[in-house]
Amino acid sequence: MASYDVIVIGSGPGGYVCAIRCAQLGLKTACVEGRETLGGTCLNVGCIPSKALLHASHQLHEAEHNFAKMGLKGKSPSVDWKQMLAYKDDVIGQNTKGIEFLFKKNKIDWLKGWGSIPEAGKVKVGDEVHEAKHIVIASGSEAASVPGAEVTIDEKTVVTSTGALELPKVPKSMIVIGGGVIGLEMGSVYSRLGSEVTVIEYLDQITPGVDMEVSRNFQKILKKQGINFITGAGVSKVETSGGKATVHYTLRKDDSEASLDADVVLVATGRKPFTDGLGLDALGVELTKRGQIATDKGWQTNVKGIYAIGDAITGPMLAHKAEDEGMAVAEEIAGKHGHVNYGVIPGVIYTHPEVAFVGQTEELLKDEGRAYKVGKFSFMGNGRAKAVFAADGFVKILADKDTDRILGAHIIGPGAGDLIHEVCVAMEFGASAQDLALTCHAHPTFSEAVREAALACGDGAIHA
Ligand code: FAD
């Protein structure tokens, strides 16, 4: 039996970041991980592998659609799927080994195996019980099923995102159930690689929660790229036979029923907290109605000394949100003050163009009855975007009508996932749109579009 100040259960972005910060703050730390490799969903079957495939498939798209326009002639590359998967696996390996290196560097013990909490202050891994003054649960999430539908996931014909990251071949056709971030990212990958992709979404628009104007534009752009959409449709059943699947759905507008066949069905209807095997019931750890671990403002559960962070608790299921909570709870445990500003957590969809957003949407501001102004700038007016065939999209900044304080930003366009951060920093500093507008931005960059949107909140954009 070993004794620690902190044992973290789960080595995803919440858990590993928490463990590193605990060690940096002088706490004797261990991290339990049941997977073969560190890094959790994010590094193994989430953020990182999906971005590798998005990158590779985007390169193919560029070669097929834009190279000739720039005078780069010749046969487009063809897809060697095995090699693409090997590239993706190599990227995963580099990243997960990187966490192993950081654990060694920070003298964090990796307790290999699945952990449970027999009582407060104790963590059991295999046959061994370890003591810990503080336990942080960072057990993450797993794919959810389709609500109210008969669907059996076999990870071959009917897959979650995990199966979609390692299909044996590029399918001729794919149905994606759920028009959220993960479904659209993976749908984009396969569409660019040549699959006929159809997204079936229960709501009338894709990307629920995203600013409606962005969401509508995004759907149009993806449609232009060849992705089909069936919205306002509830899936009732998925049948499989002979390596093919049939998805049955009901159109909500008139209750009519229809079905569609595909080689592969990707179920991308969201994720739910994963807390199996931890022993939370016996410990009396409270859960929310949605099965998330309930915590107080210091990320402590109702059982003293047991904390929880990341996808296992409330809030957006995002790696950077989990990381921020990991650092903050470490600070709390070390007797300092942990801080996460939940009002300024960016969201990014890594398609092409990218979509990024932070803060309030117009819909939320209207619901609140808050007086606001909109500054918008199209990438059509951005020289750099035009030069690289990426002028689809816009930047939209929402600011308080009276004080000019930035309330939110919504970007669809090139590099949106990076551009959003200057608005995040501005919001953290309580900046006004004018503060952004008065900041010199290098030319020619995509970020000039952010400045122009900020200018449009005032006397007007220059290149509009
Ligand atoms: P996880 O990363 O899920 O890690 C939890 C770890 O705990 C797992 O490794 C699990 O094996 C381990 N574990 C669980 N229980 C135990 C136990 N009892 N004992 C030992 N180990 C245990 N987010 C983004 O911000 N950007 C993206 O681009 C993005 N892309 C994504 C793409 C896909 C396909 C998916 C599925 C997710 C994506 N996400 C993305 C979401 C992101 O992966 C999660 O929000 C993030 O991983 C949550 O981190 P976490 O530390 O809470 O949990």
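Keep in mind that glycine also has a Cβ here, set from the backbone N, Cα and C atoms.
TrEMBL: automatically predicted annotations, no manual curation.
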Note to self: Looking at FAD binding as recorded in TrEMBL, which candidate out of Asp127, Asp311 goes with Lys51, Gly115, Met317, Leu318, Ala319, His320?
What the structure shows: Asp311
Next item on the list: Among Glu201, Glu257, Glu286, find me the residue TrEMBL lists at the same NAD(+) site as Gly178, Gly179, Gly180, Val181, Ile182, Gly183, Leu184, Glu185, Gly270.
Entry: Glu201
Next item on the list: Taking the recorded NAD(+) site as Gly178, Gly179, Gly180, Val181, Ile182, Gly183, Leu184, Glu185, Glu201, Gly270, identify the other residues of that chain whose CB atom sits within 8 Å of the mean position of the site's CB atoms, giving them in sequence order.
Entry: Val176, Gly187, Val199, Ile206, Thr207, Ala268, Thr269
Check: Which binding-site residues among Gly115, Gly178, Ile182, Met317, Ala319, His320 have CB under 6 Å of ligand 1?
Finding: Gly115, Ile182, Met317, Ala319, His320
Item checked: Where Gly115 (FAD binding site) falls in three-state DSSP terms -> strand
Notebook entry, point to check: What are the non-local neighbours of His320 (FAD binding site), defined as same-chain residues 6+ apart in sequence with CB under 8 A from its CB?
Noted result: Pro13, Ile345, Pro346
Checklist line | Distance from Asp311 (FAD binding site) back to Leu184 (NAD(+) binding site), taken between C-alpha atoms, in Å | finding: 20
Checklist line | Least buried by Cβ count (within 10 Å) of the recorded positions Lys51, His443 | finding: His443
Notebook entry, point to check: Over the domain 'Pyridine nucleotide-disulphide oxidoreductase dimerisation' (345-454), what is the model's average pLDDT?
Noted result: 98
